[in-house]
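*Asks:* Quick paste of what TrEMBL says about this protein:
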type	residues	note
TRANSMEM	A:6-27	transmembrane segment
TRANSMEM	A:39-58	transmembrane segment
TRANSMEM	A:89-109	transmembrane segment
TRANSMEM	A:115-135	transmembrane segment
TRANSMEM	A:170-191	transmembrane segment
TRANSMEM	A:221-243	transmembrane segment
TRANSMEM	A:255-281	transmembrane segment
TRANSMEM	A:301-320	transmembrane segment
Amino acid sequence: MTRLLARPELGSVVGMVAIFVFFFAIADPFRQATSMGTVLYVSSTIGIMAVPVALLMIGGEFDLSAGVNVTASALTASMLSYQLSLNVWVGVVASLLFALGVGFLNGFLVTTTGIPSFLVTLGTFLMLQGANIAVTKQVSGQVATDNISDMDGFDTAKAIFASSFDVGSVTIRATVLWWLLFVAVGTWVLLRTRPGNWIFAVGGNVDSARAVGVPVRQTKIALFMGVGFCAWFMGMHRLFAFSTVQSGEGVGNEFIYIIAAVIGGCLLTGGYGSAIGAAFGALIFGMTNQGIVYAGWDADWFKFFLGVMLLFATVLNMWVRRLAVRR
Amino acid sequence: MPLIEMTGVGKRYGTIVALHDVSLRVNAGQITCVLGDNGAGKSTLIKIMSGLHQHDEGELLVDGEPARFGSPRAALDRGIATVYQDLAVVALMPVWRNFFLGSELTRGFGPLRRLDIDAMRRTTRDELARMGIHLGDVEQPIGQLSGGERQCVAIARAIHFGARVLILDEPTAALGVKQSGVVLKYVAAARDAGLGVVFITHNPHHAYLVGDHFVLLNRGRMRLDRRRDEISLDDLTREMAGGDELTALTHELQRT
Amino acid sequence: MTTPRSTARGLLAVAAVLALAAAGCSSEGGKQEEEKSDSGTAGVADTPRYTIAMITHEVPGDTFWDLVRKGAEAAAKKDNIELRYSNNPDGPEQANLVQSAIDSKVNGIAVTLAKPDALQGAVRQAVNARIPVVALNAGLEQWKAMGVTEFFGQDESIAGEAAGQRLAQEGAKKVLCVIHEQGHVALEARCAGVKKGFGGAGVVENLNVNSKDMPSVKSTITAKLQQDKSVDRVITLGAPIAITAVESAKESGAAAKVVTFDTNKELVGSIRSGDVQWAIDQQPYLQGYLAIDSLWLYLSNGNVIGGGQTVLTGPSFIDQTNIESVAQYAEKGTR
C-alpha cells in the first residue's frame, strides 16, 4: 500500500477519475462511447509529446521548442517532397533527421554552455517559429504548404501516421495506439534500463551522477533528441491527417506538454516522475478540453475553466502525494 | 609501492593558484588524512585524484605509473573511488538504484537488455548487511536515510565495485557525534579491508582517531606532512588552528 | 477596539457612500446610454428547439468576431435555437471542435473554413452523420467540394483587389499593407489582392506586426513611417489595427492616410472624424446572422439561401458619404 501511494502517477489517477466522473455527470455527450473516441484522440495528440517531455523533465531540463518543432518537421517533410516532386517518404525521413538535429542542437548547447535549458530552448523556439513562417513563404509563396494528398507514398504514410479504425460505433485513431506504445516504451526505458537510471540521476543530482561515472552529457542530449523524435512523429501525424500544414501552428503547445507532465507527477526541479503519469496528465487535459465543449459552456470562459480544472488536478495531485509521504 | 603518489602537484585556474607543490602518498591499508580550512585547496586536490580536473604541475603516479584522468570514469577504472560529502547520492532515488548508479547490472541482449533488478536489490541488501547496516526496504528513497547511513551506503558501494583507493570528502562534516562515530567505524573497516583511504576533513579530532598519516594544506600549499608517530593530537590541533601564526597572535594579544 | 461586526458595518457604510458618490458623478454616454438605445426584441419562432454549433477560427478577443457572434445570437434568439459557440485559431484544434459538435449530436453546424484542408475530414464526418453544415467568412473556394450546403462571406482577394483599385484611383503611390497575424491565410490573401488591384499605380509593401501586443503594433508602424517618408497610404486588415495606425501616423508626422478592412464601433467614429478615410465592410453581423438563420430555414422548411451559390456579404465601402447610415447601428454594437 505504501509502495502504491508513493508512485508519482497516483495523484493524476485520482484527478483523472474525478474529472471523468464530473463531466460524466454534467455533460450528456460525454457519456457516449463515440465521444470517448474523440477524447482519446485529443489526449493522444498531447500524450505522445508528453512522454518525452516528461522524461526530459525527470532528467532536469525543459524544451520550449517542442511545440514548434512539431510544425517545423511537418513543414520540412511537406515542402521537401512537394517542391522536388519526391516520394513523400523521402520527406518523412529527411524531416526525422531534421527534428533529431534540433533535439541534438538543444542538448548540445545546454550541456556545452551550461546555460539553463529554459533559455537555450527559448532561443531555438523563437528561431524555429520565425523560420517556419519565413521559409514557408519563401518556398511556397504562401503561409501554408501545398496539399500533398495526391503524391506518391501519401497513402502508406497516412496509414501509419493518421489512419483510424472502428470498434463497434467508436472510431479509434491510430495515434491512440501509438500513444500507448510510446508510453510503454517510455516506462520501460525509465524503470527497466540503465539509461533510465541515468535519467533519474542526472535530474536528481547531476554532480553525484557525474561523480559515479554516469554519462551526463550523452544522457541529456539523448533526452532532447527523444523530444525531437516525438515532435517529428506528431508533425507527420498533422501532415498526413490534414495534407497541409499552417506555418504558424504549434506555438504554445510546449506548455501544454509540460503541464501534462507536471499533472502526471513530474517534479519541475527534475529527478522524479513517470511516463504513465504524463499519459494520465494528457488524458486529464483531453477530457477537460472536450468536456467543456460537450457541456456546452460559454466559449469565452473556455480557458478559464481549463485553468480551474488544471489547478484542481494539480492541487489534488499534491494533496495525494503528501498523504502518501505521511504514511 | 604506494597506490597513489603525488609529487609537486599544482593547479591553476587562470591566474589563481589553487594548489602548489603538494606531495602525498596513499598506501594500501592506511588512512592518509588531508586537513585544511575552507579554501585551503582540499577540494582541488580531490578533483585531481578523482578525475574531475587535471593537474598542470608535478606528477601523479598510480601504481608507480604516471597518470592523468580525463573523467571520473577513468579514475574509477583504475580503482579510485570518491565519496562526496553532500553529493554522494541522488536523494529521490531508491537505495538500490543509488548503490548501482553508473554500474548497473543488466541481463538480456540488444533491445531487451534490461536492469537485473532482483540481483541488484539482493546485492545491495547483502553488501550493506555485511557492513552492519540493516535496511528493511532497499526500495525507499535514499534521502530518507540518515546522513551517516547515506555516507555508509556510498562507502559500501565504492568497496563493492572494487575500489582500491577510497577518497572521502568531509564525510563527518554535517553529522552529529554519534553519526560521525558510525561513519568513522566504516572508514576503519575500509582500511582493514586493505583499501588505501584518503580522508579529507577539517576536524583534527576525527582525523587523529583513524589517521596513519597527516597532510595539512594552507592556501594551496603543504604546511605539514607527518606520520602518526611524529605528531600528537594537540600539535595537530594547534597546527590546524594556525600553528606558529597562532602562537604569535597569542603573544600579541597577551596583556602585559 | 473594533469587533468583526462593527468592521462589517463600517465597510457597508463606506460602500454605500461610494455608490452614492458614483451615482452623483454619472456622466454622459457610457453603458447606460448604450442600453437605452437597445431596441425591443422581435417575436420568437414556434419551431422545435434546435441546437446549433458555430465553430470559428477566432483568435479570442477580436472585435470582428464579436459582431459575428452578435448576429448569430440575434438569429438564434429569434429562431428558438440553442447556440453553442466555440473557437480555436489552430486548424486541427478547430477540426476537433467540429468533431465534438458531431459527438454532441447537434442539429446543425456553422463553421468557418479558414484552414479548409485541416477541417475537411471533420466536415465530411458531419455531412455523413446527416448534420447540415453551412460555412461563413472563409472557405469561398472550398465549401462546395466539402459537402457544405451554403456559404456566407466575401472573397478576400476580390475585396483586396477592390481596395487596391480604389487606392489607385485616389492617386496613391506607395501603400503599406499591415498584416497583424503573421501566417494567416486570409490576411495574406487580402494584401495579395490589394497588390493585384493596385497594379502598376505604385508599390505595395507588406509589414508584419503582432496584434497581441498593441504597443508594439504602434511602434512598428511608427518606425516604418519614419523610415520611409514616401508611404502615402497605410491599409490595415482589422479595425483595432487601423485605430492604432492612425496614432502611429500622427506620432511619426507622416502624411500617410489610413484605410482599412473591417469595422467596429470605434472605427465608425474615426471615419466620421476623417482619421480613417474608408473601410471595406464584409458585414460580419450579417455573416453570423445568416449562418444561423439559414440553418433554421433548412431544418424547419428545407430552404437553401443562395440556391447552392455563394452568398456574398461584401465587399462594400464605408466612407464619409455613407457613414451616418452605418453609425446608428454601430452605436448599438451591431455593425
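Every residue, even glycine, has its Cβ placed from backbone N, Cα and C.
All annotation found in TrEMBL is predicted automatically rather than curated by experts.
Worth saying up front: this structure is predicted, and the values here are computed from it rather than measured.
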*Asks:* Looking only at the recorded stretches A:39-58, A:115-135, A:170-191, A:301-320, which one has the largest tally of CB-CB distances under 8 Å to the transmembrane segment (A:221-243)?
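*Replies:* The stretch with the most close Cβ contacts to the transmembrane segment (A:221-243) is A:39-58.
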*Asks:* With the transmembrane segment (A:6-27) as the reference, find which of A:89-109, A:115-135, A:170-191, A:255-281 contributes the most Cβ pairs under 8 Å.
*Replies:* A:255-281
*Asks:* Counting only residues 6+ away from its ends, which parts of the chain sit with a Cβ under 8 Å from the transmembrane segment (A:89-109)?
*Replies:* 63, 65, 69, 72-74, 76-82, 115, 117, 120-121, 124, 128, 153, 156-157, 220-229, 231-232, 235-236
*Asks:* Other than its close neighbours in sequence, what residues sit by the transmembrane segment (A:170-191), given a CB gap under 8 Å and a spacing of at least six beyond its ends?
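*Replies:* Residues 33-34, 36-37, 40-41, 43-45, 47-48, 51-52, 54-55, 58, 160-164, 199-200, 230, 233, 237, 274-276, 278-279, 282.
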